[in-house]
Amino acid sequence: MGGKRRNNEREAMEEYGDDVELDKKEKKKKMEKEKRREILPSMIKNKEKRSAVHAKLKHEKKVEKRKKLKARDAEEKRALELGEEPLPRKIPRTIENTRENDETVCKPDDEELFACNDADEFSSIIKRERTPKILITTSRFNSTRGPAFISELLEVIPNAHYYKRGTYDLKKIVEYAKKQDFTSLIVVHTKRREPDALLIIGLPDGPTAHFKLSRLVLRKDIKNHGNPTSHEPELVLTNFTTRLGHRTGRIIQSLFPQEPNFRGRRVVTFHNQRDYIFFRHHRYIFETKESKTSDSKGKKGKDGKGEKISQQKVIARLQVMFPCQIVVSICSCRADILSIRNIKFSVSFYCNS
């Protein structure tokens, strides 16, 4: 009798488990149907209703995200109070941490790289044996926004001079720049009344780099922008780690003098990230702000006369001084000025200020 009862109990448990699995499957199907029945913003034709539904969904996602963050913080606090180690936070998957290691990354003990730096075209400028002198010109068919962009470049790059192109060929301009002891030549090309390309030529023997421009916003269109001074800026180059990045950084570095004037508080930054270069031109400003002191109980502090005690804190902030958005992509690079074969690079650079 006992064996029959056990068998009956097992059969009943199995039937109950099957029913539970069926209930779960049914619930999943219902959830899927409800999701399908949900009205997406893209399904609504009325613009006002569509925007309202989109805003509502966005708000709900924000609320859910805040709840998850609060729950995570509460669990961490509880674990620390109990003397336990909190659970490790999840690391998000990004392009940078999932990228494969690049074999062309320069190492700090690379003697070949140091030898190339001592023998390249920019060593005399970077060693301060020669001051950079830049000639800026335009293409033959110039537009109204071309000179406006050039005026911005003249304020950013010290010791830069602008000459009208006229009908002169590029070879004659290069010969003239060599005779006048210019170290680099920048040609701003325009298309459909917008600057769309930059040609940077190192003098006297090269190299030549061709960049593509897009999405240009001038300084006059930026709110609360500052006007740069004549002080020589500090140049910051970050994350130019590969051979190609190192070469590009040397080309950029040759345009600026290597003796910055720190009194001007000007900073020019080129930050390479995800094969894009982010450009910044800022002035850092120091301000003193008063902050009211408070006791350990949270009450505001007062002196013997009953006046509130205040402390002065020095706060540093940045002020934008250059075009807001620029997208630059390198199209080709030549070892010589004009007549040597192209070495093409499939790398794009993005400058956003």
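Including glycine, each Cβ sits where the backbone N, Cα and C put it.
According to TrEMBL:
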COMPBIAS  1-13  compositional bias 'Basic and acidic residues'
REGION    1-77  region 'Disordered'
COMPBIAS  22-51  compositional bias 'Basic and acidic residues'
COMPBIAS  52-70  compositional bias 'Basic residues'
DOMAIN    132-322  domain 'Brix'
Other parts of the chain folded back onto the compositional bias 'Basic residues' (52-70), taken as Cβ under 8 Å at six or more residues beyond its ends: 39, 41, 44
Within the compositional bias 'Basic residues' (52-70), residues counted as helix, strand or coil by DSSP: 19 helix, 0 strand, 0 coil
